[in-house]
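Participant: Here it is, the structure in full.
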2 protein chains.
Amino acid sequence: MTVIYNFSAGPAVLPKEVLQQAAAEMLDWHGSGMSVMEMSHRGAEFMSIMDAAQQDLRDLLAIPANYKILFLQGGGLGENAIVPMNLMGLRPDATIDFVHTGSWSGKSIKEAQKYAKVNVAASAAENGFTSVPARDSWKLTADAAYVHLCTNETIDGVEYHFVPDVAADTNGAPIVADMSSHILSREIDVSRYGVIFGGAQKNIGPAGLTIAIVRDDLLGQALPCCPSAFDWKIVAENGSMYNTPPTYAIYIAGLVFQWLKRQGGVAAMEQKNIAKATLLYDYLDSTDFYENRVEKAYRSRMNVPFYLKDETLNASFLAAAKERGLLQLKGHKSVGGMRASIYNAMPFEGVQALVHFMQEFAQASHK
Amino acid sequence: MTVIYNFSAGPAVLPKEVLQQAAAEMLDWHGSGMSVMEMSHRGAEFMSIMDAAQQDLRDLLAIPANYKILFLQGGGLGENAIVPMNLMGLRPDATIDFVHTGSWSGKSIKEAQKYAKVNVAASAAENGFTSVPARDSWKLTADAAYVHLCTNETIDGVEYHFVPDVAADTNGAPIVADMSSHILSREIDVSRYGVIFGGAQKNIGPAGLTIAIVRDDLLGQALPCCPSAFDWKIVAENGSMYNTPPTYAIYIAGLVFQWLKRQGGVAAMEQKNIAKATLLYDYLDSTDFYENRVEKAYRSRMNVPFYLKDETLNASFLAAAKERGLLQLKGHKSVGGMRASIYNAMPFEGVQALVHFMQEFAQASHK
């Protein structure tokens, strides 16, 4: 097997140690004679895996005791419906405030309109989603049900590097944050949020697992139409075992959490992510051959979209990259160009290899 | 590793060959340098896995061209809401007919009441869910939206060995069948059903994958409250890629489908399942030490609940079984006793080992 670096936006690269352990344990987990895939979710073996995964995630993000960790299914798109279904039951006439920063918050806005009145408090559409609108431009709703943010836009490469204050303008509305593509990449103060959610398939583990971190007082507010299997209160009361959870995905996520702890936790990971992102953005800013269009203050450390100035070279760029083992660099079809997703599991060497290749490709094309 | 036999009701035993292949391919699928878990769901590699899995399932069940195969999330309990959400949009005032044959159809009835009027056309509650009510006792609704059956009750061990005719009494209502725990265990005539659905974690693969087989004319009938990610029409139009599908679970399911083909397909598997079930039921009927309480005509080939006549011996039975490598035989907490789930991946030798142990345990206890 040649060394490859996988820049997929998700499902995405996982730590090699995690995959090695998963392969070694596939037929016999800890002498049980069973694969994790074959275990009853209610048996002692899987319960120990589940409990450890929850506790490790709680440790990694310093999640306060008054927040529940829920393991769900349906991904970020599923949660776009499940979030308003869970939060609009007590005040169905209230308004949800959104900040529109790119493709993912756009999808959330569209889906939420099925369940509630929606106000787009601010939008970066006019600049092509290359920034987070300044906080003082947000037109929030007094008495909003909640304020929905996508704190890292996977497709547009825009990230919040601040936590906005919204309580004063909304009469205390909680922030609901879609952190799918940067959760565990940086330290966060969970207490600033009411709900944090995300699909696992970027920085946590396999597709098919969704994680929600919900403040206790926000449980029990579901609309009558919310399916029981997605009702956070029911899921919380049953320890994420109301319906059969995606057991193998939880096991892999648990291995990733253990790996993160061995790396020094989220704080250490954040420093590595800053180093990786700096290397790539510094190169992009130093050349006329490529460009990243996001304002510097809002650039994502996880997803780096970039364009060749001469887009007729796109196909040959991708082919030459693949030849070097630099995989899945094609940008999302909605924005074109290239995208390097450099999640936690992407080693520094992978970004070095990418920059080195980009330099060579630029030089060869200039001849 | 000692030889064990895993009788879990789900997540459940998988074919050893499948697990061996998954372990071998964990770090490098077919020379791609990537784990299947790390692949973009839109890349050529995963698309080939997805297409093969769909085609193999279509082949195995002889699914006609006018049915879509959908890969979803949320399991059987999720689908209990998602089914009425998808079928009640055109006639929200119509009634859903249910036949109540045990725990799972009971859960389906309760959840459906959130979305529609429900009629329990027949119930086996009065005999403790030990049969399927005779077809001529069903009180169906003229013009019903659909008729929901759970064709194998995992907890109660009751299975339909017939497909009822309901069209004449309902003005052509389709049958919606929850086949979670016996799909692929026997030949079925898909054209007799409007919708077939099930969680994968019994006879197909890992928990977290849900499969729905939907007749084309039943797409596009969703209630407005149905989340887009679970709207069968949207899922079908996007080839089960509207939201990121549970890619690794689909890969494992695909390996199981290939394994089933190598075993001779569903017809051959059905013969093996009959042989396994016959061995176990014949023994149960031959002894006064154990009993199965389900009427013979409705006994499940997949899930065999049984009781020790002297229930004070339950704990020592389970401990002795575990000592022999016969795992997860404890019955569901709601019904007690024991349960042997003998899905496709349980070899005949596993049932032989179980019966042998049960004989020895009975003899030792009689001393």
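All residue numbers here begin at 1 and follow the chain in the order shown.
Cβ coordinates are placed from backbone N, Cα and C, and glycine is handled just like the others.
Remember, it's a predicted structure, so these values are computed and weren't measured experimentally.
Below, the features straight out of TrEMBL:
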DOMAIN    A:4-354  domain 'Aminotransferase class V'
BINDING   A:Arg42  L-glutamate binding site
BINDING   A:Trp104, A:Thr154, A:Asp178, A:Gln201, A:Asn243, A:Thr244  pyridoxal 5'-phosphate binding site
MOD_RES   A:Lys202  N6-(pyridoxal phosphate)lysine
Participant: Please give the maximum pairwise Cα distance, in Å and rounded to a whole number, for the pyridoxal 5'-phosphate-binding set A:Trp104, A:Thr154, A:Asp178, A:Gln201, A:Asn243, A:Thr244.
Facilitator: 29
Participant: Take the binding-site residues A:Thr154, A:Asp178, A:Gln201 and keep those with a Cβ under 8 Å from any chain B Cβ; what remains?
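Facilitator: Qualifying residues, whose Cβ lies under 8 Å from chain B: A:Gln201.
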Participant: Counting other Cβ atoms within 10 Å of each Cβ, which of the recorded positions A:Arg42, A:Lys202 scores lowest?
Facilitator: A:Arg42
Participant: Quick one: among the binding-site residues A:Thr154, A:Gln201, which has the most Cβ atoms sitting within 10 Å of its own Cβ?
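Facilitator: Ranked by Cβ atoms within 10 Å, first place goes to A:Gln201.
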Participant: Looking only at DSSP and grouping its letters into three states, which state does A:Asp178 (pyridoxal 5'-phosphate binding site) belong to?
Facilitator: strand
Participant: When you measure from the Cβ of A:Asp178 (pyridoxal 5'-phosphate binding site), how many other Cβ atoms are you left with inside 10 Å?
Facilitator: 27
Participant: Average pLDDT across the domain 'Aminotransferase class V' (A:4-354)?
Facilitator: 97
Participant: Cα within 10 Å of the residue listed as 'L-glutamate binding site': which of the binding-site residues A:Thr154, A:Asp178, A:Gln201, A:Asn243, A:Thr244 qualify?
Facilitator: A:Thr244
Participant: Quick one: Cα separation, A:Thr244 (pyridoxal 5'-phosphate binding site) versus A:Lys202 (N6-(pyridoxal phosphate)lysine), in Å?
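Facilitator: On Cα coordinates alone, these residues lie 23 Å apart.
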Participant: A:Trp104 (pyridoxal 5'-phosphate binding site) to A:Lys202 (N6-(pyridoxal phosphate)lysine): how many Å between their Cα atoms?
Facilitator: 14
Participant: Out of A:Thr154, A:Asp178, A:Asn243, which of these binding-site residues is nearest A:Lys202 (N6-(pyridoxal phosphate)lysine) by C-alpha distance?
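Facilitator: The smallest Cα gap between A:Lys202 (N6-(pyridoxal phosphate)lysine) and any of the binding-site residues is with A:Thr154.
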Participant: Please list residues from the chain of A:Asn243 (pyridoxal 5'-phosphate binding site) whose Cβ is under 8 angstroms from its Cβ, counting only those at least six apart in sequence.
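Facilitator: Result: A:Ala229.
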Participant: In the structure shown, with every protein chain counted, which of the binding-site residues A:Trp104, A:Thr244 has the densest set of Cβ atoms within 10 angstroms of its Cβ?
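Facilitator: Comparing the binding-site residues A:Trp104, A:Thr244, the most crowded Cβ belongs to A:Thr244.
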